[in-house]
Structure formats: structure tokens, C-alpha cells
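Asker: Sharing a structure below in C-alpha cells format, with a few things to ask.
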């Protein structure tokens, strides 16, 4: 039941909530080999209501140190008589040496004249889909920094596939079990106008997150120091550039939560070029990945494991679809929509490009291009509208993933200048997608499953990695936020708590009824059921009778008669 029927348009002023960190843990003992020690901490409260966010600060910290202990490193295992010993110490099959392929990542197996090339005299390139297969995925939406796989390894095979985009054959890395080319183009335009920021933001965040099991908690910016010598991101295409990334779109849309009289429409375009599947066994991971796994302490230390997860991802891609996509969010002026009596259908006809299903990346869009109605020039065109002082489109927020940077810049420039994208600009971008495809969708597999069981202490490392993934998601959770008013939902975006309001409310905490709702005083504003926010789960109890339990509480700070849906206690086998 609602708490009454008369809503208050103003609540007491909200106090900004600043980020609060826990105390640092004790330093670990000094590592006698690296001469480095580590410590870590946690976020206790995330910034909210205009307070200081927990942004850019790491969970873990490291420091140079001195140690009198002797550095004891395990000697590399000796290769067998039927194996070749790489300069790095890695072992490969003897038959793979002197075959023209760098089966040793350092190339030491090819200090000789090739005598038996797998593909004979033919030279086949590995395409971008093959080189970047297995992309890492971060459960909180961040782009990982390093690919865990060695996709320059072929295991002496010459498996190839015909690339229908250029009619050339490409050689498949050993890790890729299957690569199919099939070009599919589609365009979707939102069926209705988003009347508020919160509905759009909720939709964007839900699409971005790998799982919604623990609410809308997203982290786009890495904060932990990389384990790599150079920070090189691995995913293909323009999606890496912050200016074009979907994470930037969410950040820009979130800035409109405090701006009134704005509506939104979305246009999504996608060109899918291929699907791939990784092998189910005997995957070849990179030597650097193995070295980083070995460098992780057997005694769990949160900060070091978090660094690994931000480098490689919490999961890798077992199956994936590659290609390119663009997303446009039109920020519209509500007053202009009303003045011009514009309908959703009229706006849809104006802002869509008109991508046909008959798509060929060599020639562009097949068939007749979509012709916009005559009213569109005056309705959407930014230059015309601004001269008349009746701008409908305040801004177009653009995301481009896949394709070359030059083509993406041209697309963005066209949209920024005209407010619309023309077919030619779209075609020019689409032709470059095959050169730099992005991962469009994926089937994830936990990253710890890539740790070879033959590695010393493999089970301990796998369990530590599994624990780190669970703690990583729990660290960046909305359970560390204050509850919202009037049925608003919580979201966590890069260390800052946001309230996503129901359409009738606005404000940092959804504490204000919208002005339109109060114009007719005879129709009181309904107060929606207040939702409390669950605290974070307490630590697990000791094991008793093969079971353990943990508890949480309902945070109703500042709310009246609020409740939380769900269980206070959960149990697990032990």
C-alpha cells in the first residue's frame, strides 16, 4: 500500500554524501624477489547527492621495500625429448620448430630455415577477428587491458576460412575452433520518446552490464595498477576511444538527470560480420598471462587479484559475434516537440538512416536508401532550427564501435554538424568495419578456467580468482549507497551513486514531485511505496552441520515505512 495519496513536492534539503574508505590493511611481507609489498582497502560508502565520488582511487597499493630473505624461485620444468625448449623456458612440440610459425612467442623456434611450412608456399593473413578472439569481459562493464590468449599460435595446422568481405582466405589461429562469415545489418529506432533521463539511463546500463544479479553497478574506469609493462587495450575497433565508447554515452546521459524539459530518442545501427567459437579444450594462453598468474600470491591479497581482473577481465569470450555498431541518443527539447505538434512517428522517420537487410560492406547499402520526409529539414536539422531559434535537437550523443577511427570521426562530425547521419557517411564507415571489428555480443566463461591444471598450486589460484571475482562485484555494489525516495532505483556509476526516478519524480534522491504533476491541485500526487536499500552481506558464519549463514539489514535512512524485498538470511553448504 502507498503511504498516503498526497505527495510532498519538497523534502528536507539533502546533505551531500562523500566517499568513505576503510582503513588500509597491514602491509604484506616484502617479496624477496620483486622487493615490493602490498596492502588493500575497501569502499565503505560511495559518494552520493552531489558529494565527492570514490573515483580514480585504487583498492590496492604497492610499495618498494627491502628484504634480507633469499629469493627462491621455482626452476622451470625441463622439456621432454620430444619437445623444443623456447628461450623463455616454454615447451612446444618438436615438430613445430623450423616451420615458419612463431610457436614460441619469442620466435626462438624459428632461428633456422623453415623446412615444412603448414600452408606450403601459400601465405595467409590472420584477420582481426582471429587475432583478437577470446576478448576479456569485465562483469562491471569495463574494457579489459590485455588479451589472455596467444592467437599467433597455429599448432602446425593450416585451417583457413574464406572472408566474404574481400574474397580472400584467412588463416585461423589454433584457439579459434570455428569462424563463420555472415553479414547482417539492422537498424532500430526507439518506438517512443523517453520523457525522462532515468528510463533511458536504466535501459543503457542494463544493456551494458554482463549480469544484473546484483543491481545496476557499473565501473568503466580502471583504478588498479596494471601488471603489464605497457597498458595496451586489446579489443578491436573504435570502441576503445573514450570519446566514442558506450561508457561515455552513459556518463553524458547521466548529466541530464538534473536538467529539465529534455526528452530522448534512440537510434541503434548494427553490422554483424562474423561469429566465432573458441576451442573447448587445449586453449593456448599467452606466456604473459601465465607469468602474471604465477606472480599472484597463494595467500589471497585483494588488491593484487583486482589488478589481474582489470587487466584480463573477470571472464573471457567463449563464443562471440563481431562487427560494428553505432548508437545515437537525440537530446530533444520538450517545448519544441509540443510547439510543432510532433509525433513519435514523425521523429522516427527523420532520425533513422534506413539500413536495408541487403547489405554488402564492399558496396555499402543495397537497394534504395531511406528518403526522409520533407518536414525533416526544418524539424531536425540543427542549422535550420538554430537560425529560427526553435532547436529541437539540443545534442546528439554518439557511440561508434568497430571500423576505423577516421571513418568514425567523419560519422560523428556529420551528426554533430547536421543533427542527422546521411547514407554515404554510414556506407563509408561500414566498409571499414571488416578492418577493425568490435565484439558485439559474447558468451562469457570465468577467467580462472584458463589457469592450466598442470601449473603448480593451480587449484589454489583458481579458488583465489573465483573469490576475487565475487569480491570485485561486491566491492562496487549499490549496497554502499543511501536509499532513494518515492520508489526510485539505485545505480552505481564509476564510484557515484545515482537515483533513477519514476516518471512522476525528480531530484538527486527522487525527492521532488515534477512540477507538471502539481499544476492541478485537485489531483494529489500519489506517494509510491518507499523502497529501502539492502546493506552489504555480512561475513559468512563458521561452518556448522555442513552449512554456513550470512545476514544483511534493510537501510531505510530518511524514509517512512520503507521495506526491502528479499531475504535477510542466506545459507550455503560448506
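Cβ atoms are placed via backbone N, Cα and C, with glycine included.
Because the structure is a prediction, the values reported are computed rather than measured.
So Swiss-Prot lists these for the protein:
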type	residues	note
DISULFID	19-54	disulfide bond
DISULFID	30-65	disulfide bond
DISULFID	33-71	disulfide bond
DISULFID	79-91	disulfide bond
DISULFID	86-104	disulfide bond
DISULFID	98-112	disulfide bond
DISULFID	119-158	disulfide bond
DISULFID	350-376	disulfide bond
DISULFID	481-497	disulfide bond
DISULFID	484-499	disulfide bond
DISULFID	501-510	disulfide bond
DOMAIN	77-117	domain 'LDL-receptor class A'
DOMAIN	531-572	domain 'TSP type-1 2'
CARBOHYD	3	N-linked glycosylation site
CARBOHYD	231	N-linked glycosylation site
CARBOHYD	261	N-linked glycosylation site
CARBOHYD	533	N-linked glycosylation site
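Describe the structural context of these features.
Answerer: Residues near residue 54 (disulfide bond) in space but far in sequence (CB under 8 A, at least 6 apart, same chain), listed by position: 19, 21, 43, 46, 47, 495, 496.
Annotation note: residue 65 (disulfide bond) sits in a coil segment as assigned by DSSP.
Under 8 Å, Cβ to Cβ, and six or more positions away along its own chain, residue 33 (disulfide bond) finds 71, 72, 73.
Residue 79 (disulfide bond) has a Cβ environment of 16 other Cβ atoms inside 10 Å.
Following the DSSP three-state reduction, the secondary structure of residue 86 (disulfide bond) is coil. Using a 10 Å radius centred on the Cβ of residue 86 (disulfide bond) and all shown protein chains, the other Cβ atoms total 20.
DSSP assigns residue 98 (disulfide bond) to coil, not to a helix or a strand. Taking a C-beta cut-off of under 8 Å and a sequence gap of six or more, residue 98 (disulfide bond) has these contacts in its own chain: 109, 110, 112, 113, 114, 115, 116.
Note: residue 119 (disulfide bond) has non-local neighbours 158, 160, 171, i.e. same-chain residues 6+ apart with C-beta under 8 A of its own C-beta.
DSSP assigns residue 350 (disulfide bond) to a helical segment in the three-state reduction. In the shown protein chains, 23 other C-beta atoms lie within 10 A of the C-beta of residue 350 (disulfide bond).
Residue 497 (disulfide bond) counts 28 other C-beta atoms within 10 Å of its own C-beta, drawing on all protein chains shown. Following the DSSP three-state reduction, the secondary structure of residue 497 (disulfide bond) is strand.
Sequence-distant neighbours of residue 499 (disulfide bond) (same chain, 6+ residues apart, CB-CB distance under 8 A): 484, 485, 488, 489, 490, 491, 507, 508, 509, 510.
Non-local neighbours of the domain 'LDL-receptor class A' (77-117) in the same chain are 150, 152-156, 286-287; each lies 6+ residues outside the stretch with a CB under 8 Å from one of its CB atoms.
Sequence-remote contacts of a segment are chain residues at least 6 beyond its ends whose Cβ falls under 8 Å from one of its Cβ atoms, and for the domain 'TSP type-1 2' (531-572) they are 3, 474, 477-485, 487-490, 509.
In the shown protein chains, 12 other C-beta atoms lie within 10 A of the C-beta of residue 261 (N-linked glycosylation site).
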Asker: Based on DSSP, name the secondary structure state of residue 533 (N-linked glycosylation site): helix, strand or coil.
Answerer: strand
Asker: Using the structure shown, find which entry in 104, 158, 481 (the disulfide-bonded residues) has the sparsest Cβ neighbourhood within 10 Å.
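Answerer: Selected from the disulfide-bonded residues 104, 158, 481 on minimum Cβ neighbours within 10 Å: 158.
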Asker: Given residue 501 (disulfide bond) and residue 65 (disulfide bond), what distance in Å do their CA atoms have, once rounded to a whole number?
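Answerer: For residue 501 (disulfide bond) versus residue 65 (disulfide bond), the Cα atoms are 50 Å apart.
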Asker: Near residue 30 (disulfide bond), which residues of its chain come within a Cβ-Cβ distance under 8 Å, counting only those 6 or more away in sequence?
Answerer: 36, 37, 65, 66, 67, 69
Asker: Checking your reading of the structure: which of the recorded positions 79, 86, 91, 261 lie inside a 10 Å Cα sphere centred on residue 481 (disulfide bond)?
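Answerer: Matched recorded positions: none.
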Asker: My understanding is the cutoff is Cβ-Cβ under 8 Å with a sequence separation of 6 or more in the same chain; which residues meet that for residue 533 (N-linked glycosylation site)?
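Answerer: Result: 478, 479, 481, 482, 483, 484, 490, 554, 555, 564.
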